[in-house]
Each structure stands twice: as C-alpha cells, then as structure tokens.
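Participant: Here it is, the structure in full.
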C-alpha cells in the first residue's frame with residue numbers, strides 16, 4: 001500500500017525465543033461464523049513475507065467512518081501514515097512443533113479490528129503461546145467482512161453438473177460490515193450490553209474452533225490461506241487457556257470468564273466496564289488482572305472493577321496503572337505516529353511506547369504463568385503484578401468509592 005511518513009516508526013519485533021507466524025481463519029462464510037488472526041510460534045525463515053498492518057482498503061474506510069471523517073480524504077491520509085507498515089510476523093509461516101502451547105483469545109476494542117494489537121499478540125506468541133485475535137461482528141469493529149452466496153443460475157437441463165460447493169471462493173460475494181454509531185435518542189447501555197454478550201460468544205466460538213483444530217478435525221477455512229492448519233493437531237494445551245482484551249475487549253474478558261470456565265484467567269487492558277450487567281460481578285470466579293492507563297480511567301469505572309475484587313474471597317484480582325500512558329497506548333497506533341501527531345490524536349502518552357508495552361507484556365506473562373501453572377521464567381516479573389516499578393502505580397491513580405454493607409466507603413489506591 002502507501003508510504004509511511006517516517007522510517008523510524010514501526011511495530012517493534014517480539015522479544016521471545018520463538019519466531020512468530022500468523023494466518024487468518026474464517027469458518028462459515030456467513031456473519032454468524034468465526035473470524036480471527038492466529039499468531040503462533042513458527043519455523044524461522046529468512047525470506048518470510050510479512051503482512052500489511054492494515055489488511056486492505058475496506059479497513060481504511062471503517063476507520064474513517066468511526067472517526068467521522070470523509071472516506072476519500074481519510075484513505076489518502078491513512079494510506080500515507082500507515083499504509084506501508086508491516087506486522088513483524090511471517091505470513092502463513094510453518095508452525096513450530098515443540099510440545100503443547102497454552103492458548104490466549106484476544107478481544108479488540110471499540111472501533112478496532114483483528115490486526116491492531118500485533119505488538120501484544122506477537123510478543124505472546126514469541127513467548128510460546130497460540131493467540132487468536134478475534135474480529136468481532138457485533139458492529140463494534142470499525143470494519144469487518146463476511147460473505148454471502150452468489151445467486152445460483154437456473155438449471156438449463158436435467159443433465160446439469162453437481163451443485164457447486166457453497167463455501168468455495170468463486171461462489172461467494174464479499175460483504176462489509178462497518179461500525180454502528182448510536183442513533184439519535186438511542187440509549188447506549190442496551191446496545192453495548194447486547195454487543196458484549198455477542199463478543200463473549202465470539203471469543204468462545206473461536207476457542208471452540210481451535211479445540212476442533214487441535215483434535216485433528218478438518219475445519220474448512222473459507223479464506224483458503226497457504227497455512228497448513230492440520231499441523232496444529234495436538235499442538236495446544238487446552239488445560240491452560242486465558243482470555244485477554246482492551247477497552248470494550250476488557251469488558252468482553254469479564255463476560256467471557258462468566259460464560260466459559262475453560263478460560264482459567266483473564267487480563268483486561270484499560271477495560272471499559274459500562275457494557276456489563278450488574279449481576280455479573282458475583283458470578284466471575286476466575287483470576288483477573290486489570291492493567292490500566294493513567295489518563296483513561298475514572299472513579300465510576302474503577303468502582304466497577306473493584307466490585308469484582310470485593311466479590312472474591314481470595315486474592316486473585318490484581319490491578320496496576322502504567323504511568324504516562326493513555327488509552328491508545330495498548331494498540332499499535334502508539335508506535336506508528338510521531339510525537340507531535342501522536343499527542344494531538346491522543347495515540348501517545350508521556351511514556352516511551354516501548355517501555356509502556358514492555359511493562360504490559362511482562363506483567364501479563366507473569367500473571368499467565370501464575371494462574372495457568374506454566375513452567376517458564378516469567379515469574380522474574382512477578383513484582384510488576386504488584387505494581388513495583390517506578391513506572392507503575394499499584395492499583396489506581398483514581399480515588400474510588402464502593403458500597404459496602406449499604407455504606408459508601410473510600411477505597412485506597414492499592
């Protein structure tokens with residue numbers, strides 16, 4: 001696609017011991033199907049193709065619609081700013097056989113899509129995880145697509161050939177789904193609550209698909225990528241599964257934990273708690289780690305996170321805040337804009353983006369080792385879970401209030 005405006009910008013390569021591959025999977029061509037990008041440890045290849053960060057023009061249009069700017073103008077701007085950036089992973093790279101890897105299902109935020117969190121997903125894969133980054137079809141993504149079948153031509157005679165495979169690409173027509181804004185006068189909670197439930201179902205559906213692939217079942221990929229999905233048979237440790245997400249994806253983490261006990265723990269990055277039902281807080285039993293930015297959170301949102309903490313009798317719920325970060329410090333945008341435009345668009349905070357994402361990734365890895373029972377060295381970062389770093393705040397920088405025994409009480413930051 002286009003040319004980026006600076007050679008000094010780019011998504012940082014992963015730091016783990018494994019090379020990273022990625023491939024897209026779509027099962028069932030309809031809107032009810034599942035669609036995700038899979039990141040996984042792969043065999044090293046010197047001439048591996050790297051995928052575009054923004055897969056195609058339809059996603060530029062989606063970002064324009066979400067930001068409420070003209071599509072024609074925005075396509076040129078986005079193509080100039082982001083068009084040449086690549087994800088640091090081998091597209092359809094050969095899977096690296098090395099025992100069974102734990103699994104993470106990742107849920108994107110409002111107005112995002114499956115490729116925008118590659119700095120996080122590639123790091124997890126490089127550290128020995130299989131990561132499925134779901135593209136949601138609840139109209140919360142800025143853009144996504146599916147297919148519908150072409151109308152069949154009427155049969156001309158009795159000796160007509162066999163009916164074509166409805167899943168074959170030549171029999172399908174691409175259809176795009178873009179972000180749905182609130183209608184005038186529409187209440188937001190019913191829409192977001194419905195969406196968060198669908199999002200959790202889509203995470204579970206992605207996991208179910210991986211379980212079938214792991215069992216060696218023939219799962220037809222509508223996209224017909226070059227990756228050999230049969231090599232993933234018996235590759236996943238299905239006793240060690242986590243769910244992770246950012247913003248709306250953070251709320252999706254909580255909803256998914258409530259719906260499926262296969263998820264052993266969850267990591268919510270700067271979670272937006274508004275879409276969740278009130279009664280969900282007492283129903284979530286798994287460990288949760290809230291990693292927050294310094295500038296996005298507010299007392300009411302933190303209070304909802306604390307309800308999960310107060311509903312648990314064990315010390316399974318953790319919260320830290322990364323100093324100098326903004327809400328967009330978690331998606332890849334923070335690495336792809338210079339300081340000036342990044343600060344204006346609130347894509348960058350005061351902290352070096354690499355320092356911020358390293359803190360997020362290392363704290364996440366330590367939490368995953370602790371609650372998935374991994375035999376790794378990620379416990380070297382256990383202190384980050386407690387907020388023990390000069391760039392971290394234990395708990396929150398917001399004053400928080402909770403109702404306890406029908407009384408409003410102030411809760412300390414940590």
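Quick reminder: no glycine exception, Cβ is built from N, Cα and C everywhere.
Predicted automatically and left uncurated, TrEMBL annotations should be read as such.
The feature region 'Disordered' is assigned by TrEMBL to 150-169. Taken from TrEMBL, the feature compositional bias 'Basic and acidic residues' covers 150-160. Here TrEMBL flags 247 as active site, nucleophile. According to TrEMBL, the feature active site, charge relay system maps to 270, 327.
In the displayed structure, how are the listed features positioned relative to their neighbours?
Facilitator: A sphere of 10 angstroms centred on the C-beta of residue 247 (active site, nucleophile) encloses 25 other C-beta atoms.
Within 10 Å of the C-beta of residue 270 (active site, charge relay system) there are 28 other C-beta atoms, taking all protein chains into account.
Residue density at residue 327 (active site, charge relay system): 21 other Cβ atoms are found within 10 A of its Cβ, drawing on all protein chains shown.
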